[in-house]
Amino acid sequence: MDTCAVANMNVLRIVSKLLKIDEGGLCDGLLKRTIFAHGETVVTPLNQEQAFDVRDAFVKGIYGKMFIWIVEKINSAIYKPKDHVIYRKSLGILDIFGFENFQRNSFEQLCINYANENLQQFFVHHIFKLEQEEYDNEHINWQHIAFEDNQRILDLIASKSMNIIALIDEESRFPKGTDRSLCDKLHVNHSKNENFIPRKTDNVISFGIRHFAGNVYYDCENFLEKNRDTFSQDLMKLLQETKSKFLRNLFLSEFQIGTETRKRAPTLGTQFKKSLDSLMTILSACQPFFVRCIKPNEYKAPDNFDRALVCRQLRYSGMMETISIRRKGYPIRHLFRDFVDRYRLLAAGIGPSHREGDCRAASEKICRAALANQDYQIGKTKVFLKDAQDVYLEQAREQVMARKILILQNTIRQWIARRQFVALRQSVLLIQRYCKSYREARRFQIITNGFTRLQTQFHTRMLSLRYSVLHDRILNLQRYCRGYLARQNYSRKLNAILILQSEVRRHVAQKQMRRYRLQDKMYRQAEQERYEEEKRLIPTLGAKRAKEEAERKYRERLQVLQHEIHEQERAEQQRAKEKRLLIERKTYTDENDLFSNMFPPGADERTTSAYRPPPTTGGMHSTLGNMPQSVDNIERIDKPLPLPHQDEDLREYTFAKFASTYFQGNATPHFTKKTLRQPLLAIKSERDQLAALAIWITILRFMCDLPDVRTPNVVHQKQSVMNKIHSTLGRKFNKKDLEEAQKLNESIDNQPSPDPSSPPSYSNNGSLLTSNKPTSRSVKQKLVNMTLKRKSKLSTDAAMTRLKDLDALSSSQQMKMSGMNPFLEDRPTSNLEKLHFIIGLGIHVAELRDEIYSQICKQLTGNPSSQSTARGWVLLSLCVGCFAPSPKLIKYLQNFILNGPSGFPRYCYERLSRTIMNGSRTQPPSWLELQATKHKEPLLLQITFMDGSSKALKADSATTARELCDLLAEKINLNDRFGFSLYIALFDKVSSLGSGMDHVMDAISQCEQYAKEQGTLEKAAPWRLFFRKEIFAPWHNPRDDPVATNLIYQQVVRGIKFGEYRCEKDDDLAMIAAQQYFIEYGQDLHTDRLRELLPHYIPDNQLVQNKASERWLQIIIHAHKRYFNNPRESISIIRVKEDIVNYARFKWPLLFSRFYEAYKFSGPTLPKNEVIIAVNWTGVYVIDDQEQVLLELSFPEITQILSSKAAGRQQSNSFTIITIKNEEYTFTSNNADDIRDLVINFLEGLKRKSRYVVVIQDFEPMGSGLAVRRGDLVTLEDDPRSSSSGLLFGYNERTGATGEFPSECAYILPTISKPSQEILHIFALQWADANQQQATNDHLFSGLSVSGNNNNDFLPEQGYTLEKYAETNFRAAPKRTWSNTFTRRGGANNGVDRLWAFQKEPLRQPLLKKLQEKLELGEEACACFMNVLKYMGDYQTGYRRRATNELTDAIFDPALKHEILKDELYCQLIKQLTDNSNQSSESRGWELMWLASGCFAPSAVLLREVNLFLRSRKHQLAADCFARLQRTLKNGQRKHPPHQVEVEAIQHMTTQIYHKVYFPDDTSEAFEVDSSTRAKDFCRNIAERLKLQSSEGFSLFVKILDKVISVPEGDFFFDFVRHLTEWIKKTKQREDPPKYTYQIFFMRKLWTNAIPGKDRMADIIFHYHQELPKLIRGYHKCSIEDAIELAACIYRVRFGDSTTQFENIQLKDFVPADLADKLSYGDWRKQIMAAHAQSRNVSPEDAKIMFLKITYQWATFGSAFFEVKQTSDPTYPEQLLIAINKHGVNLIHPKSKDLLITYSFTSISNWSSGNTYFNMTVGDIVRGTRLLCESPLGYKMDDLLTSYISLMVQTMHRQTANASSSRQ
């Protein structure tokens, strides 16, 4: 007997635990069966198949009971009647579309199709019944309509005796019944039934049934098993004992039935039949409505209509019978009154229905008049028509309506013209009367005055008469001119209206014509189908019947076609209606009035009066504060601001789509006035969730959708909103705070809504503040504090105070203070404060930006209030000007903006584009931006020059200081722009904005916030912008740019006057005053004039003493006579200005500096750590806040400056200055990158211009040359003899000799002037010791490529370690235990914990202390060390060394992803190479060091340690590691771990890697490739080896599998190959991916400069072999003559002068494929032989060039051809040949090879590609041409087009640069 067991007892245990039943009982119930016979119990085991059936029945039983329980629960929850006596009304929905016909149909399909047969019969009977009732009620004469009835099928399946279901039930009750016996019994009983389809052979157990929808064949296999109830009684008993109350309740009804009763339970077929009968009973008692859903295709694709699928669905759903029933009757029915109202015009004497007494008689009259002798019926209430009659009535009605409308138009227009004429005539008569009256009265007055004045002088009368005559003439002239202008204006308007009308009518006519053409085409297609159908059916049905059948189907198609046309017209009308409603909804009544009411009165006017700051005692603010502010000399500069290029179609990115994808909960994208329970988007931080809820309330208040806080007697605070945001963001929040904020929102919702008629309340910005006023600072500010670059105005003290106050309060007090949300204020706030709050949070918390935009867009979607909508768009405009959304929202926001109301889309879209281009702001918008945004106008910023002139520049929210400086420099022709910066002044404070990417409006916003803190309104903040010199370049020459010299001169003299610059000597001040006088008035000196000008030249504090004016007068006169009264010497004014500029440059270098806040992190001791870095043309200064110089470093003393980034930061936050004394000063600063770039710029510029070098290594020439020693100063001289590389020619200051010496022996000093002896002395001391000399030399040239293959260059073995470095940078060593004491090494260091030395145990913590707080990175570091141990063989895991990069990837990949792990990995490698006694382990460690030095470099602090370690080791790889590290510093760091080729090479101790490269001529060569080799360097090496003239246009190609991909020029070679290989592995998803091999090809990619004969080697190796396949494939348009010449050249290349091969040539190898059939084989061979004979004595190489010269004449030479399928332009063929070459993108006909069109690269605005397509846009994105192609090579087309356009742009830039240099 077969038995079975449970395979996995764990699963059984879990199931029994979930069902709360006994595990053993469940096992027995599944594996055994208990049989009760004659009072005895028999237990029999089950075989595997039976056990499977019991298990499945058990699961199905539980599932069925749970399903019934869920349905009952849902019904009880939905329907809860209050009174059970009342009749229950319900609406039920039944899905009847379920007919199934599969490849294999079983018992389930039989049941489903039986149910559909019943429902189909009900449907047909119901439709027929409705039709019959309609005709009977209307008393219509009609014939009985016959329809098909499927009662016979129902009888066969389940109705009559011995039906199929009954036989299945009967066979299921027999113990020995089988599926075959069932099939035999079915065929015996029903084989003669016409609806029963018998089986074809006895071997098949199947049968078929002819259903109403078609024939279905059923497989009898498992019929009986599915019909029986196999639920085990043992399991039922086990469920009865379960501890689960829920499960026991499910089977409660089964438990109540006895065992014998359960045995007689009905089968599944019987249950299904009863359920179906119950359903049909319910349907018969209801009023059914039928909805038929038809799928056009199976793929849910647009514009895809599957006719067969639709017909099959119509047949399955019974629509064919319905259509047949309706067509046999009268389908068109009209009520009498509707019929009279619509067609009363067709019969005379019939009025509207409400005036006609008997509408039936009127309808009969209309039908008799219009439908005489036609088939129609008049019912009791309706008129019954056929389709043709309805069409006829509509056409007749349209004709009558057209005639009536013409009559109406004629009459109305006549009446309007008559009324206008009468009004015009009355107006003319009135004007004439008044004109005549006026003229007569005037004339009378003139005569009266004339007679009166006749008594006086005669000439008075004559003048009066002339005046009168002239006055009359002028009046006449004005009248005629105005009349002429009015007529001209009328004529222009009339012409414009006519043009507009014609265009509109033309558009409508064209649209209608296109529709008619489409309809005509569809009708012709239907007629053609009828003809083909008739022709196809004639052989089978006969001519007559075939014609009838074809005609019937033709009429059906016409009906479907007419229905589609009608639906299409209705859809177009609906779209037009929706568009019209949308336009009406978007139109505002009066936009100007709307905006004028948005903000409180008086807030829109900005005072234009110049602000005069109070008198000061000196400093820059005095200089700028006394600048003249005359509006007469302001020049406005209107130049469009730059915008990024945007060419993407955004129509699919709707805000509703974004909301449905990303919104939380039930949030909708539509307007609401209710508060939010949670943010719209998912936000993790509880603090940010609180902020989001506060933002929502603030937005509602700003848009007047929620009343503001009304707190009486509130004392306002002076603290700015941004300070409050800073302080609130610093708090920590929990869930309790979030719950309190949600309660606040609920309480706000419960408040009464504001009256929309009442104006919103506004707070007073000028109210007094009660907060303690900060201690006023001295008016005299230090220069450094005033001009500190980018110093934030926000007070950290205020923020900390606010934070401490919040922390000190209890939770309840905080909630009471801030309205249960710490971010909200409990006082009314102004509109500007609300804007600052909303936008300020968006600026400081990037996670809230998308939330803010989502909230604003939600409130603007469907907003019924025009005022709220206008405020919302102003808010959105300000937000897009301050920060951009995340990439996931940006396209949706752009689409939302472009669909905004009139005036806003372009304005907001440009602001958003500018913000994306220039970056986000750091401050909220200013009051000035708010006013400009309200009127959608640009900002005008007035910038004052130091000469007093001003210019007004057009700006916006994203304008940077660099843009303004460039505009100003371009306007005033300023060439020397370096060092000129923008400054902003407010009260006694001055701040430098620089000339970089800082936003100007951020500074203005800060000024307004500061002014508010000082008690001044934002709109009255007296800020001013200035353009002045900030810093000099070390090589500055005033003669280079007179414009710059004049600006600096004005700045210096004004600064001297107001105390910014102070002269220590009176003679210097007098000399400058004399020079000023000379510049203004020349050499002639007038004492009185000078005395008047003296207050303008001399500072006020110098003129307060007695007789000070006379003393200064004498001193200035003496200086003027001494320098300007020499008649022999002519002095120009510009030279005097240059002298003053040079004087200021040398006198006050610290005042012309850029200042940066910094903190000293490490290095030699300074008096203070909080310092200010000042960079000027003399060097770098470290000063304190009192302007005391703490450290001064000239540029010759600085050898290197480095910067490093912190984790998660985009900019560096620290920099290190390394001096010639090997001192390293490390500072932390937010402007570390700016400081580094500025110092490096000065150092490199000075080195380029320097002529001084210091010798760092002795050199004794063997012959002629210059002998030098360490510390010698050599002045370089130009000498043609020193043309050889690596040699310098100069003059030795010590010996006085000149000559050549090696360049590696000298160090170029970054100075223009001769260095001091102190600098030279420092250099001499630094290289006193040889070892120290070599180490420092290595440090100085750490950024250069060093060839270190010679071990003699290295220091002797000194064992340099990281011991000192570990003291300050490593973590503390763990406490020693007894177990690890014995693992320490013996010797002097025994017992000392040495983290920097070799160990075999894995690390539990990272080495560097900065990684201890970063747990995830710390775990990564420990895992890296474990992999290092495995690779080096120090960790025994059974790992066998093999040529793979598995471990190296695990070692280097984390360091490449996280910058901080690079130092950790270097420290681990050095640690394992220190005191490592295992030679094998050390060798493998050096392999890792070799790989690491080629991938990335350590930080600046660790770089010195690594260099010293490498130079102190004598291992054979140490020198190469050092050289690789220097190349990595020079060429950049890799992006991917080492490639497998690199790993295998170093494992075989091979440091030189050679890679085979294949060429088009089937040759190949091996080239050396380094880890730092980029693609362009590789190409250059190949070109030099092959002796090509240039590598431009050539590229590397990687072939892997079936793809050939070009390598980008800037990518590292091994990085690209590795990235490509990994990408291929991901796309080819296999369980065991193979090892992909690749090949490298070198070919020409761009053919811009490929001219045959110009580069012979390129023609022979590349050009010929790349062009030949294109010719053979037939891509070129080639004549037969050219084909013969080219074939002769090909033959000569292959076989030379030999003619023996002509007998065996294959034309496919010599002739284009499209021309092979033009001539016979013999003619081709004959003519090719003749052409070959004419070119004797031509070598194969010359034949290649001849071939290229012929093809060069064609427009398609050098093209890359692509065979594509285009679907965008119907005028072009579907199959296209695209050729991309130097001329552009060419579209070629694939058969004729005619050039259809050429798109130049300059006309292409956008292109993209995918796996199967290529998309290109030509011209404007909106009105341009779009080409969409299907091709698997789209990526190649994209890459080639990108390369050509990039080369074109580079060439244009190069030409522009050459042209500008030639002009100079």
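Glycine is treated like the rest: Cβ placed from N, Cα and C.
Keep in mind that this is a model prediction, so the values were computed, not measured.
Note on TrEMBL: of 92-114, 276-298, 1656-1678, the range annotated with the feature region 'Actin-binding' is 276-298. Looking at 544-571, 628-655, 712-739, 1272-1299, the stretch flagged in TrEMBL as coiled coil turns out to be 544-571.
Tertiary neighbourhood of the region 'Actin-binding' (276-298): same-chain residues 92, 94, 97, 114-115, 118-119, 122-123, 126, 304-306, 309-310, 313-314, 317, 319, selected by CB-CB distance under 8 Å and a gap of 6+ residues from either end. In the region 'Actin-binding' (276-298), the DSSP tally of helix, strand and coil residues is 9 helix, 0 strand, 14 coil. For the domain 'MyTH4' (1398-1547), the DSSP-based tally of helix, strand and coil residues reads 98 helix, 1 strand, 51 coil. Residues in the domain 'SH3' (1248-1311) partition by DSSP class (helix H, G, I; strand E, B; coil) as 9 helix, 24 strand, 31 coil. The average pLDDT computed over the domain 'SH3' (1248-1311) stands at 82.
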